[in-house]
Structures are given as C-alpha cells and as structure tokens.
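Input: one structure, supplied below.
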Amino acid sequence: MSKPTTVAAKLPTKWGDFTIYALEKASDGKEHVALVMGDLDSREPMLVRVHSECLTGDAFSSLRCDCGPQLEAAMQKIAELGRGMIIYLRQEGRGIGLINKIKAYALQDEGMDTVEANLNLGFEADQRTFEVAGEILDSLNISSIKLMTNNPRKVAALKAENIDVVERVPMKYGRNPHNESYLSTKHGKLGHFLD
Ligand SMILES: Nc1nc2c(ncn2[C@@H]2O[C@H](COP(=O)(O)OP(=O)(O)OP(=O)(O)O)[C@@H](O)[C@H]2O)c(=O)[nH]1
Ligand SMILES: [Zn+2]
C-alpha cells in the first residue's frame, strides 16, 4: 500500500502555534489529525500524546472521564517544551462510536462500570487499534517517542507498530467526584498506572 500523504496548515492555539496535519487516505478511511510543534527533523525522541476521540470530554468538558484535562495538559506540556505532537485518533468511545458510548453511559447510570457496560452491549472492553498512529508518525518521519499515557496497552500497541517508545510520561489529570469510579475501573480492570 502507498504511504499516506498529509495536508497541513498553521493552527495557532491558546498554548502556542501548532501545525495541523491531516492524514489523507488513512487505512481505516477516517479523518485523523496530528498537531505538531517544533522541529520534525531532529532525531531527539519526540514528546507525543496519542489521544482517542472523546467528543463529550474534549469538546463539552464532561466530568465523566479525564479526556479533556489530559488533552489540555498534553498541549501545555508540548508548548512548555517547544516541541511535541498530539495524534488525535477518530476512535470515539474506545472504538465503539459515539451512539454506543452514550448507550454505555446509560448503563453506567444504572450501576454498571465502564467495562461491564461495553461487554453488555456486545463489545470488547477496548476495541481500539493503533495502526493509524504508526501511519501518521511514519508519514512525518518520526520513529522515536516519549509517550504521554497511563495506559500500558497503548505503549505495547505502539511498540507493535514499530514505534520506539523510549519513555512513558504519566498523565494524571482531571480526577473529580464524577469520574472517581471510572478511573478506579481503569486502574483495576484495564491496568492503567493510576492510584
Ligand atoms: N466505551 C467507553 N468509552 C469511553 C468511556 N469513557 C471514555 N471513553 C473513551 O475512552 C477513550 C479514552 O482515550 P485515551 O484518553 O486516549 O486513552 P486511555 O486508554 O484512557 O489512556 P490514557 O493515555 O492514559 O489517557 C476515548 O475514546 C473516550 O471516548 C466509557 O465510559 N465507555
Ligand atoms: Zn472522555
């Protein structure tokens, strides 16, 4: 298969000036993007956040999860360092999509945890894949990264895409009374490095 190409434009943000790259012809046909600050040519490992879409958390400041504060903290860290990348993957709801995530939220409102709700709807606990993150890094010639995540399976999945993850940077942000049990389920059932 031919290497995916990108289109790019400047993206000034409240944290500083990024360049936004959108992947054309990603293998899954979706419109994924990367926000980049700083030098793409340096061989120094790049600080990277691979963030899966969460419309409710990222756009509407939902307190049910920690996605919004993690995204903002990642952009801030990149801006402080002057170099880094956000890879924003269009796999809403851990890959089950927005409608199903809302169905899962309704089940959680009735007492299920986030994993039980996915299973009850006939999905796996986490249906995400990370090939596209590999395609984006490859198209921008980045092979070595410091990954901002608490999720050990995300580290393993990226290594499986031949990305050299030289360091994991913890991302403990956004804990609040509404997401307390969500975060403890992430820790207890999904293995996240969270206390
Ligand atoms: N199915 C489902 N998905 C959820 C729920 N809460 C959040 N999500 C999704 O979970 C994903 C969280 O993605 P990330 O923040 O990239 O990853 P993570 O696995 O939590 O790991 P970190 O890198 O440590 O944040 C997003 O796609 C959200 O839409 C939920 O209750 N059910
Ligand atoms: Zn979220």
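The backbone N, Cα and C atoms fix where each Cβ goes, and this holds for glycine too.
For D126, the entry in TrEMBL reads active site, proton acceptor. Positions annotated as active site, nucleophile by TrEMBL: R128. Under the heading GTP binding site, TrEMBL lists R49, V50, H51, S52, E53, Q70, E92, G93, R94, T114, T149, K154. If you look up TrEMBL, you'll see C54, C65, C67 marked as Zn(2+) binding site. Per TrEMBL, the feature domain 'GTP cyclohydrolase II' maps to 7-170.
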Centre the Cβ atoms of C54, C65, C67, go out 8 Å, and tell me which other residues of that chain have a Cβ in range of the Zn(2+) site.
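Sorted by sequence, the hits are T56, G57, D58, S62, R64, D66, G68, Q70.
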Hey, what's the Cβ neighbour count for R49 (GTP binding site) at 10 Å?
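Taking all protein chains shown, R49 (GTP binding site) has 23 Cβ neighbours within 10 Å.
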So how many other Cβ atoms are close to R94 (GTP binding site), meaning within 10 Å of its Cβ?
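I count 22 other Cβ atoms within 10 Å of it.
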What mean pLDDT score does the domain 'GTP cyclohydrolase II' (7-170) have in the model?
96
Anything from the binding-site residues H51, C65, E92 with its Cβ under 6 A from ligand 2? List those in sequence order.
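Passing the 6 Å Cβ check against ligand 2: C65.
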Let me know the DSSP-derived helix, strand or coil state of C54 (Zn(2+) binding site), please.
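Going by the DSSP assignment, C54 (Zn(2+) binding site) belongs to neither helix nor strand, so it counts as coil.
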Compile a sequence-ordered list of residues in the same chain as R128 (active site, nucleophile), six or more apart from it, whose Cβ lies below 8 A from its Cβ; state 'none' when nothing qualifies.
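Those within reach of R128 (active site, nucleophile), by Cβ under 8 Å and sequence separation of 6 or more, are S52, L89, Q91, R94, G95, A157.
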Would you mind reading off the Cα separation of C65 (Zn(2+) binding site) from R49 (GTP binding site), to the nearest angstrom?
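For C65 (Zn(2+) binding site) versus R49 (GTP binding site), the Cα atoms are 17 Å apart.
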Using DSSP, would you call E92 (GTP binding site) helix, strand or coil?
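Reduced to three states, the DSSP call for E92 (GTP binding site) is helix.
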Given the recorded positions C54, C67, D126, state which is nearest to T149 (GTP binding site) when distance is taken between Cα atoms.
C67
Please list the recorded positions from C67, D126, T149 whose Cβ falls under 6 Å of any atom in ligand 1.
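The qualifying recorded positions are C67, T149.
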